[in-house]
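Quick look at what TrEMBL annotates:
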TRANSMEM  21-38  transmembrane segment
DOMAIN    21-326  domain 'Acyltransferase 3'
TRANSMEM  83-101  transmembrane segment
TRANSMEM  126-146  transmembrane segment
TRANSMEM  153-172  transmembrane segment
TRANSMEM  184-206  transmembrane segment
TRANSMEM  213-230  transmembrane segment
TRANSMEM  250-267  transmembrane segment
TRANSMEM  279-302  transmembrane segment
TRANSMEM  308-327  transmembrane segment
Amino acid sequence: MYNEIKWLLSGDDLMQRNMTIDIMRVMGLLLIILAHVNPPGILFQFRTFDVPMMIFVSGVSYYLSKASNVSFATYSLSRFQRLVFPVWAFLIMFFFVLYVFKPLKFMDLLTVNNITSTFLLDGFGYVWIIKVFLIISILSPFYAYCIKNLNGYLTTLLALLVLLLSLCIFVFTSEDYPGDRYSFLNDVILPTISYGAVFILGYKFLTYNKIQILFAFFVFLAAFITYVIYNYLAHEVVYGPQVYKYPPTLYYISYSVVMTIVIFYAIEKYLPAARLPSILFSMSSNTIWIYLWHIPVVEYFYRYNPSVNFIIKYVFAVSVATILALMQKKIISKFFSKYRIMKVIFTG
């Protein structure tokens, strides 16, 4: 596969593609954080393509890597360490601080049920996304295998069919699964199917020619517009895509794919690497810890100062989280560089 990639991409093209991935990864992170500071409704709806864009980027990254040549067990263990160990380390620190200092408005989090479920990537609202990334990462070899012989047109149509399958499962079976079975359907099965469709688009996207890119764009734009028209005719209202995010279904994913393709094209065309600040690439290589460190910041505002303007909360959350993550990386690199497990957990 690596030889195939080198044939497709010259040195400059490969650098541009890596830069595009970095920008999109940081954009996805920033949009996710934006959702947690209560922006205005229109902005909240607009930015809702954040998670699918991150999944799309993971597909592109998987294609550019040689991960498909690694054994499934080795790859799965690596992804588990990279995604789950940092979360567990953060949660240990987070709950320990709450236990020691006992801030009044945070005490509802210090229950056995909440702590246990959070370590299982459930419960506390911020960790569900890690579960999604973990599932998609572990299944990446399977997704890649399923489409390795498909061209761009067939990959796009397969993704659409998979999303239609996800929609049908949700519409026709969700009421038949009460309680925990309903949660498993919404939290695991449907995200695996829907976000898997996004992953395969990302995985194949660098092999698309211009016509195939336009084909994918207009297929999902048509699906999105059709859904808008249906909502208006059936319910006399146009719902925003965020309404269909939990679980992710066709309307939400179609909007997200359209936005992701637009952003991918815009970055490739208008943002040469030489003009970008180095902080962007530092953030791209530390996204998980920036995400984790933003949690106590936005939770503080939510619990103690919810009326603060969302822009102030956003700037503060991004700045503090980025500074802490980069400082943490420097400390680990300076004092613990010999310990691989420390680098795996506390950098990246």
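Any Cβ shown, glycine's included, is placed from N, Cα and C.
If one looks beyond the transmembrane segment (126-146) by at least 6 residues along the same chain, the residues whose Cβ comes under 8 Å of a Cβ in the stretch are 32, 36, 51, 54-55, 58-59, 62-63, 67-68, 72, 75-76, 79-80, 83-84, 87, 91, 118, 158, 187-188, 191-192, 195-196, 199-200, 203, 291, 295. Three or more CB pairs closer than 8 A are found between the transmembrane segment (153-172) and the transmembrane segment (184-206), so contact between the two stretches is assigned (pairs 6 or more residues apart). Residues belonging to the domain 'Acyltransferase 3' (21-326) score a mean pLDDT of 92 in the model.
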